[in-house]
Amino acid sequence: MTAVTQPAFESVGSPLAQFVSDGWIATRRNLIKIKRVPEILVFTILQPIMFVLLFSQVYAGAMNVPDYVNFLMAGIFAQTVIFGSTFSGAAMAQDLKDGIIDRFRTLPMSPAAVLIGRTNGDLVINSISMLIMMGTGWVVGWRVTTSFWGFLGGVGVLLLFSYSFSWVMALLGMSVRSPEVINNASFMILFPLTFISNAFVPIHNTNPEFPEPTAWTLQNPIVTVIIGIVVMLVIFVPLAVRKFASVSSR
């Protein structure tokens, strides 16, 4: 009797090239899922459109804010990408429940590549959502008041923020390991943060005066956001990769 040996997997090149290839394969898998289940994108878009129409057409007259639509759209953009990032958590919990992650574990691919593919998929969803939101905002009166490069920079910061937050949600999804729980948990966290922020109304109208350390963040919003993005990536990327290795091996 002769033993049948499995051929070794061939590397696509350097470790970096292998990592990029693995990340692209995982990303493509999530993009195909969006194509096959378009409801994912549809319901992601409908919610922010509802908020735009509700606040710009119903509550705008009660807001003592000059050019309220332009003020509102900035908050709607931020809310859209944050809520879009929650799909990373729900998708990771669902993959764990279905045993998909265990199948990935049998393949010669980097654990980080699987997570990168998941977060990249959410980045694509958020990019499409933002394009549609811009069209909706234009219809209700939103206009770009900065330079072209300033506008692109703002969009880039929003997408980077959504990408960093996707890693937070991916870690949360692997921790609770239930799609139902992650959906409830994410809304419990995000809804209060959204409505106590200045996303829909000026914060000085609803909250007391801020002390100096907090006031600095309001005076330097771009620097604050960039620092927050870097901090979230530095903290949550390693934590998510480590959590992925532990939960998928059970």
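Please read every residue number as a count from 1 along the shown chain.
Using N, Cα and C of the backbone, Cβ positions are placed for all residues, glycine too.
Source: prediction; values computed, not measured.
Straight from TrEMBL, the features:
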DOMAIN    24-210  domain 'ABC-2 type transporter transmembrane'
TRANSMEM  40-59  transmembrane segment
TRANSMEM  71-93  transmembrane segment
TRANSMEM  123-142  transmembrane segment
TRANSMEM  148-169  transmembrane segment
TRANSMEM  181-201  transmembrane segment
TRANSMEM  221-241  transmembrane segment
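Across the candidate stretches 40-59, 123-142, 181-201, 221-241, the maximum count of CB pairs under 8 A to the transmembrane segment (71-93) is reached by 181-201. Long-range Cβ contacts of the transmembrane segment (181-201) within its own chain (Cβ-Cβ under 8 Å, at least 6 residues beyond either end) map to 55, 63, 65, 72, 74-76, 78-79, 82-83, 86, 89-90, 93, 169, 172-173, 207. Outside the transmembrane segment (40-59), and at least 6 residues removed from its termini, the chain residues within Cβ reach (under 8 Å) are 33-34, 68-69, 72-73, 76, 79-80, 83-84, 87, 125, 128-129, 132-133, 136-137, 140-141, 200.
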